[in-house]
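The structure appears right after this line, and notes come after that.
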Amino acid sequence: MTSKKILRGQKLILWSSTWALLSAVAAEAFSALASSSSTAPTSVIVVGGGPIGLATAITLSRPPHSCQVTVLERQEGNGQALYDPTRSYLYNVNPRGLLWFDRHLKTTNYPNSTEIDDQLFLRLTQKGSATTQGMGNIMVVPADPNVPLPAPRPVTLGTGNVTVSMKRSYWIPRHQMVEILQEECHRHNVTLLHGKQFQSLSANETAVTVSCADGSEYTASLVVAADGYESPVREYLRQCNSQDWCAAPQWKVRRYLSPATGVKLKALQFPPNFTIPNGTESVVTDSEGIYVVRGTKDGSRTRLGLGFLPVKDPNLVRPANTNTRPDHLIWSIKDGPSMKQYFQENFPRFEWDNYVSEEEWERFSQAKGTSFPFCQYSTGAAVWSASGNAGVVLVGDACHAFPPDIGQGINAGLQDIVALDQSLRGEDINTRVVETSVQNSTPITAPTLSSALAAYRKNRVAEHRALIRLARFGAPYQYRQPWLRDRIGRFLWTLNVALRIMLSKLLPSICPPPAVLLTNQRPDLTFRQVMRRADTLTLVLQILVLQLLGLRLGLLKAKWLLSSWISTSAFYAASLLVRNTKKAA
């Protein structure tokens, strides 16, 4: 009897051990399956073949993501990488945007390789005009041809004499930026398809399908909309009545007016290495210099200046940018000879037959130009399926756009890609530029796609909200807009900037410089941190002004005012302490 009980007990132990082993194997297999189905997507569709779309494709095609990436570009052929006079923009890639290039250098093509892949950054340095201090030198050419040309000076903020401080940046034409990014896409087997106009989008729990106007369809687990500030993808999802999870209300766009909203831009093409008359001699322009040419006319509809930005290649044409209100005379002139006559009257320093051909005058007079957009951001930025296996995300101008006053358009877009990369890796999103950035060697478990996109949305919407506030008030009057309200606004803005600059010089450890300067001087601060510092100083200044006004009107007594100033100073000191404590943490 005892031996039977022992045998029965041994059988029970054997069965229980076998069951535990099978359960453990099944649990581990299920966990591995769940982990593999919930990590970063294996296929990605990027809508938009501009710089931000291409940079996104490069990031997601490289380890650790190693996705199969397809880029859908609406323009036929390879027009994005060719020079287009109607899109002769130049980007200034500053430390905030260079953060993406730095991460690219630190992320090798092979997971276990320590080799640095610097080919993309090398191409940027070859094509881009480098500035190591500030934003370069500028020469302001007087309208009167009898006035000698001044010496070039560092770029300053507004009408002040404060230099825009920046450790390094690169000026690069848009088409060359697209060119080097396309080359990198080919290196990483990204599929580039041209002539693909977005038409609609549908989704299920595991995939998203993009339909194009030519009838073609493309399916992936993640769709990235990098299709500009009017974003057809975003607008389709915002307005469609589909019951799909991707047609969500958070695609709403918040728009705000800026003094620069509505300013129109178009460029007249100058030859390379053109000369500027200077008395009996002529000065050959430096392709990497900045030039501003003043005109003689001063009416609200006739005043015009020309702006030339740096290019590395001395053989490239030099676009002369014109920025005006839409009621300016140049928008009503529709023929080349009349346009040429206006320029001859406004810029008597130049012999125009030596610079611009009759064909270029005709093209320029017919050009519709580009209008600076509203300051806007999307309250969504990303959405995902209930299963967490499919999603749609916005990057670049599709989720934030503003006039080019603060020079952060391309840089904010590249920071979006850094944030998306970090969220898909499972890292804490941190787009601050840190000089001694160290690659994290600790393996991180990849999050579910839904949690990654949730982290991206939470971080980016907050950053974009601060970025739009910066764009609205940073430097919106640099185009010398002629309307009366513009002149009044420029005067008040200049006073505000001058006051903040003075305080930052008198009390540098307490009072920050104007936000637009702080953004460039301190890339280690996020846009939220920049605006938080500016807002704190604004609040203190408002309190002090109200107190002085109350004293002047006899509403306050001097004794009460003194105690109030002490409390205000204590409040400001406490805010600085909290800020520094958070920074140290």
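Cβ coordinates are placed from backbone N, Cα and C, and glycine is handled just like the others.
Since the structure is predicted, the reported quantities are computational estimates derived from the model, not experimental observations.
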Original post:
Taking 42-60, 251-269, 460-478 as the choices, which stretch does TrEMBL tie to transmembrane segment?
Top reply: 42-60
Original post:
Taking DSSP states H, G and I as helix and E and B as strand, how many residues of the domain 'FAD-binding' (391-423) are helix, strand and coil?
Top reply: 21 helix, 6 strand, 6 coil
**OP:** With a Cβ cut-off under 8 Å, give me the same-chain residues at least six positions beyond the ends of the domain 'FAD-binding' (391-423) that come close to it.
**Re:** 41, 48, 50-53, 55-56, 59-60, 65, 91-94, 96-97, 99-100, 103, 135, 177, 201, 203, 208, 221-229, 231, 233-234, 237, 246, 258, 260-261, 263, 372-378, 380-385, 429-431, 447, 449-450, 452-453, 455-456, 459-460, 463-464, 467-468, 470-472, 474-476, 478, 516, 519-520, 527
